[in-house]
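Listed in TrEMBL:
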- 417-438: compositional bias 'Acidic residues' (COMPBIAS)
- 1-107: domain 'PH' (DOMAIN)
- 118-153: domain 'EF-hand' (DOMAIN)
- 154-189: domain 'EF-hand' (DOMAIN)
- 466-582: domain 'PI-PLC Y-box' (DOMAIN)
- 582-711: domain 'C2' (DOMAIN)
- 416-455: region 'Disordered' (REGION)
Amino acid sequence: MQQGTLMRKVKSKSWKKQRYFKLQEDCMTIWYQSKRTGKTESAFSISDVETVREGHQSEVLQSVAEEFPPERCFTIVFYGRRGNLDLVAGSAEEAQCWVQGLRQLIEPRSFSLTFALVSCTWIRDWFQKADKNKDGRMNFKEVQRLLKMMNVDMNEDHALRLFQDADKSESGTLEGEEFVLFYKALTQREEVLSLFQEFSEDGKKLTLLELVDFLREEQLEDEGTEELAMELIDKYEPSETARARHVLSADGFLMYLCSLEGSIFNPQHRVLWQDMSQPLCHYFISSSHNTYLIEDQIRGHSSIEGYIRALKRGCRCLEVDCWDGPNGEPIVYHGHTFTSKIPFREVVSTLGKYAFKVRHPSPVLKGAGHAGLQQCRISGDKAWCWVAQGASLSLTPQELKHKILLKGKKIGRLEDTLDGPGDEVPDVSDDDNGAEAEEERRRAKVRGTQHGSALQKDKETLAQALSDCVIYCKNVPFRGFQEARSHSRPSEISSLSEAKARKLIRDEGNEFVRHNAWQLTRIYPSGMRTDSSNYSPQEMWNVGCQIVALNFQTAGTEMDLCDGLFSQNGCCGYVLKPPFMRDKETLFNPSDPSSREGPGPITLTIQVISGQQLPKVANSKEGAIIDPLVRVEIYGVPADQAHQETKYIENNGFNPRWDETLQFQIHVPELALIRFVVEDYDKTSRNDFVGQFTLAFANIKPGYRHIHLLSKDGTSIPPSSLFVHIRITE
């Protein structure tokens, strides 16, 4: 890895400044400084980097493509909403050195190694922050400052005792291994040690049989328990001697509990575990609204980053609003608004690169747009390369792997396309916004009739060409469930506003569920949500709506629920609906839980035990320490909506202990999502968000589990976690 490299930092076609970039000695921090002034401009941690892209894979670098060749260009992409860093190296060799070096530093490792690395990095980061005079040693005053920084309000006598115990050299300062000893004493997990000793006869180790007892009695592992115990010892026991004796030390026990196997999320459900051979209408499908926008709906910025981020998040249904652009080139933007515009070709190129970079290359559904004759021909040719052709009426995710389906208007029926051209006229009444159809009619009137026959012929040719691209998802207006049963087909789809959907849920809940058992329904946000806010997707999922489109750029509870539902099944963007929602004759109505076929309600008991190294609230005052509480929220059918919270712990965000039990009765667990939220209590104003984790009830592993918290943007915030005990009873 280069230790000081002169590269161009590019923000736009006209803003290209030379900066020195350097990887710090800790191999975890990169800083850059101005070539002209020599002053350090900024720094970032390797842990903040999500990925590195080579070549012209950003709008900024595409704008300077003629000036700089792709082999010298690369983009550093950060987690969350932080902007990308676009760089141009002095040579292709230099660029490769940085690209490969960064990838080695950020590539996923085994969880045990990652956990150890995070802990090591965490210790080093805190030491560097607290060592004010940078002499590589820390006196007691600096230790006291460190405790404040780490969210710890500790008795001074106790802190001094820990300090003196770690000061083996009796120098009055801590350095190197002494600080590590201090940190380990500070992070001693008494609740975990107590649990360990409960199953250990000598209090020092768990034998293979003792570990098996723990796994069966507490973790409710009932198959292959002895083999699992051996695997856990081999994977998480740090001592070679202990591994050879097939025993687990207290350190190994803690490593296991903090691992993926010790997580609340069932690791078997993180991979593709559901049947993917059902019709598309039998799945919930991760869906975005106006995917190209990364800000608001009126003046916001349009960017291919919107597509990249959505696809990498598991989104499988995208929107591409394509309009006539200059020089015969179609553009993508939110029509009739002041949002910025991006070339349609860039969107197509981005889809080609990122559409199937997921563990299961499940199909992508794409909404087409409003461009004119010549420009739409470009769109049709590009899209046709990927669209499914010659398919049956009951398409499945398995059959449609590596395919992109176009959702749009169509001349004739699907059967006509498969057998030959149809003769129906295009339906212009099925737009999401009737204003768009009205605008099209207005434009046609203004253009006049002088070239009427020629234009009509061109429009018919164009309509047929575009129509032929729509194989499965033909847009049709929704005129009621009875009308749909009589005249609609499984190959068709209707789009409903959130308000219209809520009315149908309230008035005809069971009919809505039945409809969604055989046909796709798309829900989109109200036009009043100009700030790109979101509606609750849960009420739409409760009636089986498959395509519940959300503004992915807006963080909040709604996107937490979306991420929570689709974090399972290999993050492929498809989640199989429960059996009673796939039956066209189902009696289920979300307003009446007793209409669900199956066992009665279950009881979910959650003991919230402790928290570990919770982050400070953003923009908090220096020296401020949080007063954390935990709230558990249940989302599902109306009867299951509930929340309970613990008391708050004053001045301790480092290792708070709650030891409180919360209990919930859940009537329809198949539809329930559980959200764990940590907040900083404030008696005079609204509590501040600290972290959260959301998952479907079906993915919960009972027993003693860690919950690894996520930020408001849905990114990991290691090593922050909760320690809980979960029980599920009928």
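Placed from the backbone N, Cα and C atoms, the Cβ positions cover glycine too.
Predicted automatically and left uncurated, TrEMBL annotations should be read as such.
Long-range contacts of the domain 'EF-hand' (154-189) within its own chain (CB-CB distance under 8 A, at least 6 residues past either end) are made by residues 123, 126-127, 136-140, 143-144, 147, 254, 610, 612-613, 654-655.
Taken as a whole, the domain 'C2' (582-711) shows an average pLDDT of 94 in this prediction.
Helix, strand and coil counts under DSSP for the domain 'PH' (1-107) come to 26 helix, 42 strand, 39 coil.
Mapped onto DSSP helix, strand and coil, the domain 'PI-PLC Y-box' (466-582) counts 48 helix, 21 strand, 48 coil. When the domain 'EF-hand' (154-189) is classified with DSSP, helix, strand and coil residues number 21 helix, 2 strand, 13 coil.
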